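These notes concern the structure reproduced below.
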Amino acid sequence: MGTETEYLQSIQQALKSLTTAANNCQLTYTHAVGQDVHSLCAREAVRKTLVLEAYKFLQIAQGPVDAAVTCFEQTAHLASVRALLEAGVFEVLPTDGTPRTMKEVAEKLDVDESLLARLMRHASLYGPLEETGPGSYRHTPFSLVYLRPEIRGMVRFAMDEHMPAHLKLHEYLQQTSWTAPSSSTNNPYTHAHSITGTSMFANLSAPSNKHRLDAFNDAMTVQATTAIWMIDLFPFHEVLSPSASADTVLAVDIGGGTGRAISRIRSLAGNLPGRYILQDQAHVISNLPSPSPSSYLDGIETMTHDFFTPQPVAGAQIYLIRRCLHNWPEESVIRILRNIVPAMARTNSRLLIEEIIVPESNSGIEEGWMDMIMMALGAKQRTLEEWKGVLGTAGLEVVTVYRVDGICHGLIEARVKSE
């Protein structure tokens with residue numbers, strides 16, 4: 001690593017970069033205070049920069065060897081948290097921050113006190129729990145979050161489903177001569193779980209795997225509730241026809257899940273009269289709440305549809321696919337898009353795709369780990385040029401790309417190719 005002087009100098013330089021990022025974060029949070037998409041993106045961009053600089057500072061402070069050794073530390077920490085979650089420790093600690101001894105927690109859960117002490121010891125080094133004295137621990141804001149069912153489900157999904165795939169990634173790539181995975185039924189995930197020939201989605205949908213599907217749905221809920229709505233960048237009120245009648249199909253959300261996006265579009269359009277249609281598979285549609293004047297689904301039509309089949313609604317002004325296509329290999333993405341194209345009117349139909357758009361260089365943390373997850377499933381996060389490629393092959397062309405600096409998510413507007 002060089003001399004001690006060089007080490008200390010590198011720490012000081014990293015600290016300067018971290019301090020600058022912290023100051024920028026404070027400044028932005030002070031001025032960009034709104035809940036509009038531009039303010040939200042501004043705050044998120046500086047926060048991500050701060051986190052990245054903090055990681056860099058930590059790595060420099062550790063030095064090359066210790067930084068490499070943290071693979072033991074990180075996996076051990078994840079394992080301890082996962083075990084404590086399953087044991088029920090987070091539920092029995094008082095939420096007001098009052099400490100509890102290991103003896104009390106062990107008796108409450110009927111577990112080995114010495115085992116619990118070892119797990120808790122590691123889970124309190126830098127969180128999420130806090131050690132308050134010998135054998136005594138309490139909640140922190142970083143452990144209280146594990147009381148949320150969707151967070152617990154997300155952790156289970158990440159560690160039980162995806163971690164085995166990551167650990168076996170090198171093995172799978174060696175067996176496939178280091179070729180990028182491109183199949184939803186033959187990939188690092190199917191290899192790790194010994195289900196080659198079956199996709200993750202099909203496997204989780206089996207009745208015997210309901211608990212695993214529930215964890216997946218919890219993970220998707222976390223993603224949906226923490227994401228910034230990039231569709232807010234699109235001028236719906238200006239684009240959608242003000243002369244639309246009640247029969248005009250204004251927007252179709254394909255694979256729209258719970259319907260939050262199509263409901264948001266209706267609001268962004270100023271509740272223009274017309275049809276707003278939510279499409280998804282039967283099991284999703286059947287679990288939606290009943291529409292009512294007080295429901296967010298008020299004014300939204302629901303329709304069972306599999307996007308691997310031809311789009312049944314023709315001539316809609318807007319077709320939306322939000323955060324779906326990254327889950328599929330290129331061949332499947334093209335198939336999905338080709339099922340939409342014949343339904344689009346050349347004159348006024350637009351396809352909006354909200355997805356991560358991976359930068360050509362200097363990509364951030366989120367798009368990095370998200371792409372690794374997609375790699376495990378034979379899919380990928382795409383650069384703008386890669387998005388243009390799959391759209392072009394399907395008979396579409398990019399018209400406009402809506403993005404905000406520092407944010408990897410964006411909105412692509414496409415139309416049927418000109419003849």
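Placement of Cβ uses the backbone N, Cα and C atoms for every residue, glycine included.
Annotated features in Swiss-Prot:
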| type | residues | note |
| --- | --- | --- |
| BINDING | Gly255, Gly256, Asp280, Asp306, Phe307, Arg323 | S-adenosyl-L-methionine binding site |
| ACT_SITE | His326 | active site, proton acceptor |
Checking the contact step here: among the binding-site residues Gly255, Gly256, Asp280, Asp306, Phe307, which have a Cα within 10 Å of the Cα of His326 (active site, proton acceptor)?
none
Around Phe307 (S-adenosyl-L-methionine binding site), how many other CB atoms lie within 10 A of its CB?
21
Set of same-chain residues at least 6 away whose C-beta sits under 8 angstroms from Gly256 (S-adenosyl-L-methionine binding site)
Ile262, Leu278, Gln279, Asp280, Leu320, Arg322
In three-state DSSP terms, the structure that Asp280 (S-adenosyl-L-methionine binding site) belongs to
strand
Using a 10 Å radius on the Cβ of Asp306 (S-adenosyl-L-methionine binding site), the other Cβ atoms enclosed count 13
Near Gly255 (S-adenosyl-L-methionine binding site), which residues of its chain come within a Cβ-Cβ distance under 8 Å, counting only those 6 or more away in sequence?
Gln279, Asp280, Phe307, Ile321, Arg322, Cys324
Going by DSSP, is Asp306 (S-adenosyl-L-methionine binding site) sitting in a helix, a strand, or coil?
coil
Chain-internal residues near Arg323 (S-adenosyl-L-methionine binding site), provided their CB is under 8 angstroms and they sit 6+ positions away
Gln223, Ala227, Glu354, Glu355
For the S-adenosyl-L-methionine site made of Gly255, Gly256, Asp280, Asp306, Phe307, Arg323, how many Å separate the two farthest Cα atoms?
16
His326 (active site, proton acceptor), DSSP three-state class -> helix
Densest Cβ neighbourhood among Asp280, His326 (recorded positions), 10 Å radius:
Asp280
